[in-house]
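Novice: This is the structure I have questions about; it appears just below.
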Amino acid sequence: MSDASLRSTSTMERLVARGTFPVLVRTSACRSLFGPVDHEELSRELQARLAELNAEDQNRWDYDFQQDMPLRGPGRLQWTEVDSDSVPAFYRETVQVGRCRLLLAPRPVAVAVAVSPPLEPAAESLDGLEEAPEQLPSVPVPAPASTPPPVPVLAPAPAPAPAPVAAPVAAPVAVAVLAPAPAPAPAPAPAPAPVAAPAPAPAPAPAPAPAPAPAPDAAPQESAEQGANQGQRGQEPLADQLHSGISGRPAAGTAAASANGAAIKKLSGPLISDFFAKRKRSAPEKSSGDVPAPCPSPSAAPGVGSVEQTPRKRLR
């Protein structure tokens with residue numbers, strides 16, 4: 001069915017009569033879209049709806065909300081009147097008046113009651129002020145007579161203050177104590193005398209000079225060690241002397257002797273000249289000497305190391 005056919009009044013009436021449209025569509029609020037609003041009809045419908053709601057509430061609570069009183073006769077619920085103090089504070093915060101629930105405010109009411117009484121004494125005080133000017137001439141006569149007596153009583157009290165007595169006593173005592181103090185001033189004079197005494201004390205400073213005395217004792221040991229090293233160098237094969245700069249694994253006895261000799265040769269100088277004299281190598285030999293220490297030399301025999309490994313490390 002198209003929208004044009006729905007605009008005809010006859011079609012709308014037939015649909016409403018059949019009950020095809022829902023109930024809300026047949027109300028005056030929906031019909032107002034197609035014509036003027038009938039306010040009287042709307043008010044009648046509103047009253048009818050409110051009456052239905054009131055009837056439902058009365059049946060549910062057995063209470064007449066329009067008259068604000070319970071329904072007479074036995075019912076599902078029974079209402080009893082109780083004192084307001086016995087009701088919990090939650091229910092005393094609001095009160096139902098007709099169909100509106102108002103919030104109770106006990107504090108503002110108490111404040112209003114407390115403020116109102118002071119207004120009456122204020123009015124009385126104003127009346128007293130009005131009467132006061134009439135009594136003023138008689139009041140000042142006894143007032144001056146009563147005020148002067150306390151003045152002489154308070155005046156003598158500060159007079160016997162012990163301040164002036166304590167001042168002269170404390171002053172001479174302080175002067176007498178401080179006067180003899182500056183007398184021992186010449187005491188600092190003998191101070192420079194003891195300063196000259198400790199001056200010669202630093203004389204024994206040159207004593208540490210003889211410390212290098214052990215040098216002559218170490219000379220025979222160094223010479224003996226040099227001879228032992230030269231003997232070991234002479235017994236090594238010629239191939240090891242040619243590749244003396246290549247690092248390798250030293251023998252057990254040789255490593256021990258070289259370790260002991262290195263500790264003693266740290267202070268010796270002649271071995272440096274001997275080492276520089278034997279350090280002449282060619283370019284290919286230097287490339288072969290770049291092999292790391294853990295790896296054996298490709299040209300050296302397995303198990304045979306160089307004796308000059310320790311001196312070369314010491315020079316570097």
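Backbone N, Cα and C define each Cβ position, glycine as well.
What you are looking at is a predicted structure, and each value in this text was computed from that prediction instead of being measured.
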Novice: Which one of these stretches, 118-121, 266-269, 278-281, 286-289, shows up in Swiss-Prot as motif 'Nuclear localization signal'?
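Specialist: Feature motif 'Nuclear localization signal' in Swiss-Prot: residues 278-281.
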Novice: For the repeat '7' (202-205), what is the mean per-residue pLDDT, to the nearest integer?
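Specialist: Mean model confidence (pLDDT) across the repeat '7' (202-205) is 46.
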